[in-house]
Amino acid sequence: MSVIKMTDLDLRGKRVLIREDLNVPVKNGKVTSDARIQAALPTIKLAMEQGAKVMVMSHLGRPEEGQFSEENSMQPVGAHLSSLLGHDVPVVRDYLDGDFEVEEGGLVLFENVRFNVGEGKDNEELSKKYAALCDIFVMDAFGTAHRAQASTHGVAKFAPVACAGPLLAAELEALGQALDKPQRPMVAIVAGSKVSTKLDVLNSLSEVCDQLIVGGGIANTFLAAADHKVGKSLCEMDLLDTARSIAAKVQIPLPTDVVTAKAFSESAEASVKPIAEVTDDDMILDIGPQSAAALAELLKSAKTILWNGPVGVFEFDQFGDGTKTLAQAIAESDAFSIAGGGDTLAAIDKYGVSEKISYISTGGGAFLEFVEGKTLPAVAMLQKRAAE
């Protein structure tokens, strides 16, 4: 099923309401990382350049619903947008009754949608109020597409026209390219502390990919399932059978050497050893150089790569070499590569490979749910509206 795209519509003179994900970190009234604002900027500029009356809405943090709070106000985001665009972007607090002005080619930013009662529960009355403000609703926030809320789902049901913004459309296209008809061989990297939190992702990818690289605590569980000693490493002993059943479906190249320490700390001494030599008081905190080199070769010959999660505790430099080696291999590969998940983005930043990854997903939870094959409510609503 397809969706209507904002780029296919004539926006001139239209009231265009765009839902973006501008949930950025703010400290002392200043935006400290503007990656999400930068990602949304092309959509906002495009609508303004086409002569639309542009309204942008987003959530910020987790305020108590229905209560205005200074710390969750969109004011710092408005100030940051103003500096990026070179003109004032007013932040409108009481907008639900439409008591504000926007010129053609102009822009206003609405105050935090979570200050509105009924936002989280996808309240119909609130959804209709949002919808009444616009001629065209643009859903451009992939990061919140997995939540059925009034500003992502309900408004799309009642707006005269509901479409996908360029950011959301690009995200769906990239994920579709990686998961629906991947060029082979396809290699997926799934790493994290627990198998239990990534179980659906592992199961889903085991059906699609040719090789599944596991890392972090997840790898320890797979190592233990293959009868290797993992010492006092993070490991889920109750999921060994689950790990074995996944390993029976897809090739999972396990590390042959690892980097261990006696404690989990920034100053812990790193020790490289073959997997067979892990002792009872060891913690496995990264894959070893031999394993990293072998996996890098695997990645270089791949045609599609999906990356979710660092393979070691890369925040501590002595346990970051595995993740660094794989990040560089993905960057050097000719494969179509897609990466997503908070820790993954931090690793991409740390090792400076963002320019070399084909697509970096902006959604954490939404990215994982899409990979799991789940329906994203906001996207499903756009598909439904397109089919009318």
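Even glycines carry a Cβ here, placed using N, Cα and C.
When Cβ atoms from all protein chains are considered, those within 10 Å of G61 (substrate binding site) total 14, not counting its own. In this structure, G61 (substrate binding site) belongs to neither helix nor strand by DSSP; it is coil. Annotation source Swiss-Prot lists substrate binding site at D21, L22, N23, R36, H59, L60, G61, R62, R114, R147, citing sequence analysis.
In the structure as shown, the Cβ atom of G342 (ATP binding site) sits within 10 Å of 11 other Cβ atoms. A helical conformation is recorded for G342 (ATP binding site) in the three-state DSSP classification. Residues annotated as ATP binding site in Swiss-Prot: K198, E315, G341, G342, D343, T344.
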Counting across all protein chains present, how many other Cβ atoms fall within 10 Å of the Cβ of D343 (ATP binding site)? 18
In this structure, which of the binding-site residues N23, T344 has the fewest other Cβ atoms within 10 Å of its Cβ? N23
H59 (substrate binding site) to D343 (ATP binding site) - Cα separation in whole Å: 22
